[in-house]
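Single-structure report; data block below.
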Amino acid sequence: MLDIRVVRQDPEGVARGLARRGLAAGLEHFLELDARRRNLLVEVEGLKNRRNQVSAEVARLKKSGQDATELIASMREVGERIKELDEKVRAVEEELRQEMLKLPNIPHASVPDGLSDADNKPVRHWGELPRFKFEPRPHWEIAENLGIVDFERGGKVAGARFVFYRGAGARLERALINFMLDLHTIKHGYTEIFPPYMVNSASMLGTGQLPKFAEDMFHVEGTDYYLIPTAEVPVTNLYRGEILPGEKLPIYHVAYSACFRAEAGAAGRDTRGLIRQHQFNKVELVKFTRPEDSYEELEKLTRDAEEVLQLLGLPYRVVALCAGDLGFSAAKTYDLEVWMPGTACYREISSCSNFEDFQARRADIRFRPGPKEKPRLVHTLNGSGVAVGRTVAAILENYQQEDGTVLIPPALKPYMGGLTSIQPEQD
């Protein structure tokens, strides 16, 4: 959530930031509500002052034995009016809060201008694109021929955008999870968290999924539970409503979880393969930092995610998202896009974002800089470290052989029991 004081003091600057995202709607309704709130507060304050004066006059009259009946009656009327206005103030403040919850974060000054992914800016490339002496196949075709992913039975048992991994496919998925967790905990210094797969609405609001993206979430009917769309939600909310000791920052957490997304806006997109599933696995990196350190920490977090792809030998590029392509809560985002030779394109495999104090304000996550200093909002960051199913897809396409088998990347062999290649599964 944006700082309401900034919106009040610099509405033109906030409107310019929102316009960079392609949001033409101004802040007129917010400013109108805020003015109404201020007018109500002025009226309430005036009535309370009057009530205090009348109370003093009533006390004086009673002390001198005079009749104060009329003043007492008028004071009752003032009290009723104050009560009525207090209700109006609460209603306007709630409406203001709902307006603030709808506003996305303001893009950082370093974010490129633009309104769609066509305006995103490549930052760097890593690795050489593989060359094949045959026509490379897409990962879903490779997986089906090897018998390691069952798309048809996934659809039968659960519906579209669900799959079964089997045999070496299931083993590869598990190997990648363990490989990523070991890299981030042992080498990069993250503390592992194993979070709940369901959270309450306060947690969804804290990270920015609610109220705007309710239709993209799986909600357990009749309860306050939501299936998590990413481990970012439970791990960020780990410290919701808390004041962290300043000396503990930065805090680095890594979490593996299954993720659940309705993909309400993705009808007709990526209907084949592992790229867009309702349920998928991901290893997530989450950081809590001091405000002055957060952009340096974003660069580190991005490099930590990149190392996964480098160790697996998967060519990729880093792209800075333009203002119009940023996620709702992000102030700046780098996407890692892995090369997919079967479809001859780069596909997102990780998003690494700095949310500044946007999530922390919604979730009330603060830190105390020093023993006698006032608490301040932390900055939160997160990034995929990385999406597991998409990594499986990238390995199948980049390590495919002409005979239909797939080589195991050297870094994964210890996690695959020494297996050097994936051969067709036997029914």
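Even glycines carry a Cβ here, placed using N, Cα and C.
Features as listed in Swiss-Prot:
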| type | residues | note |
| --- | --- | --- |
| BINDING | T230, A231, E232, E284, S384 | L-serine binding site |
| BINDING | R261, A262, E263, E348, I349, S350, S351 | ATP binding site |
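Sequence features annotated in Swiss-Prot and their locations in the structure.
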residue : record                : contacts (Cβ under 8 Å, 6+ apart)
T230    : L-serine binding site : S257, C259, K282, E284, S384
A231    : L-serine binding site : I193, P195, A255, Y256, S257, C259, K282, E284, V286
R261    : ATP binding site      : D216, M217, F218, P229, H278
A262    : ATP binding site      : E215, D216, M217, F218, H278
E263    : ATP binding site      : R161, D216, R276, H278
E348    : ATP binding site      : D335, L336, E337, R390
S350    : ATP binding site      : A305, D335, L336, G383, S384, G385, V386, A387
S351    : ATP binding site      : L321, G327, T333, Y334, D335, L336, G383, S384
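Listed in chain order, the residues near the L-serine site other than T230, A231, E232, E284, S384 are V233, V235, A255, S257, C259, K282, V283, L285, V286, N382, G383, each with its Cβ within 8 Å of the site Cβ centroid. Counting every protein chain shown, the Cβ of I349 (ATP binding site) has 26 other Cβ atoms within 10 Å. For E232 (L-serine binding site) paired with I349 (ATP binding site), the C-alpha to C-alpha distance reads 16 Å. The local packing around E284 (L-serine binding site), expressed as other Cβ atoms within 10 Å of its Cβ over all shown chains, amounts to 29.
Neighbour density for E232 (L-serine binding site): within 10 A of its CB lie 29 other CB atoms from the protein chains shown. Neighbour count (other Cβ atoms within 10 Å of the Cβ, all protein chains): 26 for S384 (L-serine binding site).
In this structure, I349 (ATP binding site) is part of a beta strand by DSSP.
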